[in-house]
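Participant: Structure incoming, see below.
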Amino acid sequence: MSRRRFDCRSVSGLLTTTPQTPIKTENFNNFYTLTPKELGRGKFAVVRQCISKSTGQEYAAKSLKKRRRGQDCRAEILHEIAVLELARSCPHVINLHEVYENATEIILVLEYAAGGEIFNLCLPELAEMVSENDVIRLIKQILEGVHYLHQNNIVHLDLKPQNILLSSIYPLGDIKIVDFGMSRKIGNASELREIMGTPEYLAPEILNYDPITTATDMWNIGIIAYMLLTHTSPFVGEDNQETYLNISQVNVDYSEEMFSSVSQLATDFIQSLLVKNPEKRPTAESCLSHSWLQQWDFGSLFHPEETSGSSQIQDLTLRSSEEKTSKSSCNGSCGAREDKENIPEDGSLVSKRFRFDDSLPSPHELVPDLFC
């Protein structure tokens, strides 16, 4: 089976409601000053810090190309705007401030999350800097945000540490879910089936081209928890074929060596999510009642002023954010994702257990025996 190519104009699962946020046609640069700080870049999108000329407030300007590979993808951008509007009252989803449009792109003016990606907290160098209590708080907030989306029949479909931001890193702030370019609306009569995403974060049902449900996001939350607690990526292989095989067979290392500093409750939480059958994964709502999340100790949170290595967490995350590039918001419907995924140029900050690829070949082409 070859990889399906989707026309942006016929993608299923898009919100078709007209955005309530006015799409301004005035020159963006008349109202905002773009700083040299680039927050992320992909093939079809770039995110840069900007400052309001009227208030001095910092924002993130996400510029999205309207045409991608010769296809008109404006409808997908409007879908992303509609999802952000739908989640406006959720504190754990990035806030949309304004929208501008010119001949070639649409610019989303978004809340600025100064703490960067929680991917930085997954780096081995920070293993001693982030406690399990910190992870509990972050996972709980992610679940609250995802539960809100699922209540509104929205699946994110690209949850990963690179798409979860922090309001601050020093001290550790609150999470903000970003990048809804792959998100879809579910619950209507037609089933949603697409092959899209980042290889090491794909759920088994996506590899099998089975219907997508809210359980797909729950698989990704299991991966995020695993990475925050072990500082390794659970399914990444030497190449895409090995990665897909690991996912299909749910080859996860739960060894004592890997989980030596992880509680049994945390292990149970991860194991409940990383199961092949989507119907056996708990919902976001039920996860919030898991025993692991109920034993959060407010008294032992990350306090940088009390941590001897606190400057290291700031230095490492600053280095990481400056050196790496991030993703675009284009999904499978606009062609393969060819964006770089947070790779420091010298590779110094990335564990050998993390690997990011420029494209997403068909799982069926790479591992045909798994998909009979």
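Cβ from N, Cα, C; glycine included.
Fair warning: this is a prediction, and the values are worked out from it, not measured in the lab.
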Participant: Can you match one of Lys24, Lys62 to the ATP site that Swiss-Prot gives for Leu39, Gly40, Arg41, Gly42, Lys43, Phe44, Ala45, Val46, Val47?
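Facilitator: Answer, per Swiss-Prot (ATP site with Leu39, Gly40, Arg41, Gly42, Lys43, Phe44, Ala45, Val46, Val47), from Lys24, Lys62: Lys62.
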Participant: For Ala45 (ATP binding site), just give me the three-state DSSP call.
Facilitator: strand
